[in-house]
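Participant: Feature annotation from TrEMBL assigns ATP binding site to A:12, A:13, A:14, A:15, A:16, A:17, A:18, A:19. TrEMBL lists A:5-182 with the feature domain 'Guanylate kinase-like'.
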């Protein structure tokens, strides 16, 4: 069977650990990590096409108008987005793509590409989530509480996702994501046409030779 | 989270190798293999409650009337069926149950328990399927052709299943089924309530202590 790749969208509240999991997953699996486009200036050492695709504001808005993003957002006057074309090319070539993104972004990707595999990363407990937010430091008690409440409410969005993975240990979470991707490649919704096609191709030679 | 077990239904055309895969899977995973009930007489060495639950015809029909089977069928004057109660008890205890069954039976189980995981075992090719049917011996060319055509047409039922696993090697097929079961336990449809409940239980102590 000529299998397409799968778009794996890793998302979840801030502090759940999706970045760490994404990094660990890339060490184990030959996923292609989606590169974002942005209008902000490159920082020291950032490479165009690797860290980001750096676009002018005009170019970015042209791409928006042409519907060439899986999702985009404006943050403090700069655009950030996921270019659709690159992702689709890699998927069509049979390689899996991973996209690590916040919840608002993931929901927009789902609208544009519902065939993606949407995985919500959960903290092992709300207590652990609080410890992780505290652990990042440089937070006043007030801003900590705002971040924590925000993460708490974001967990309600889990119902929009296909899968939820508890980040109890990075190793466990990575194994579960590997299982999810392997299982998705066996989903009948995804491969039905290929199964029935490959069967049809064989009927005459097998039944009537 | 207090997880329920999963009902894994292994099914597919005869000759695809579901029996071999089921046996290999039971060597790797602590699944509970569902035991069928039947009205046929025990053969030498068959143990009631292990190989089958041996019931009288009256008792079996009483059980049918009380809707106590996930599926049943009459074959050459004997009843065969999957008792619902045992399966549900094991699932509620958190253990996974495996049920190896033909396509007609699997579709009836799906009507009665759509929360099961329905896996269709495919032969690697129609040619290989033919070789396997021939390999069983004691088939005339005519009965071979009937069996092969029947298996060929049965493949259309794949669209009623959740997953399709190609039995290229038993080892690969078992790995895929293990991934499917692990992934199913992360499906939001299955665990959403538990996630949201465990979150609610923590809000007061975490937000307001």
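The chain as shown is numbered from 1 upward.
Backbone N, Cα and C define each Cβ position, glycine as well.
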Participant: Can you tell me the three-state DSSP label for residue A:14 (ATP binding site)?
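Facilitator: The residue in question, residue A:14 (ATP binding site), is coil (DSSP, three-state).
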Participant: Within the domain 'Guanylate kinase-like' (A:5-182) only, compute the mean pLDDT.
Facilitator: 92
Participant: Please work out the number of neighbouring Cβ atoms within 10 Å of the Cβ of residue A:16 (ATP binding site), leaving out its own Cβ.
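Facilitator: Result for residue A:16 (ATP binding site): 26 other Cβ atoms within 10 Å.
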Participant: List every residue in the same chain as residue A:12 (ATP binding site), at least 6 positions away in sequence, whose Cβ is under 8 Å from its Cβ.
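Facilitator: Set apart from residue A:12 (ATP binding site) by at least 6 residues yet with Cβ under 8 Å, we have A:18, A:103, A:120, A:121, A:122, A:154.
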Participant: Taking the center of the Cβ atoms of A:12, A:13, A:14, A:15, A:16, A:17, A:18, A:19 at the recorded ATP site, which other residues in this chain have a Cβ no more than 8 Å from that point?
Facilitator: A:121, A:123, A:151, A:167
Participant: For residue A:19 (ATP binding site), list the number of other Cβ atoms lying within 10 Å of its Cβ atom.
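Facilitator: A 10 Å sphere around the Cβ of residue A:19 (ATP binding site) contains 12 other Cβ atoms.
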Participant: On the three-state reduction of DSSP, what should I expect for residue A:19 (ATP binding site)?
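Facilitator: In the DSSP reduction, residue A:19 (ATP binding site) maps to helix.
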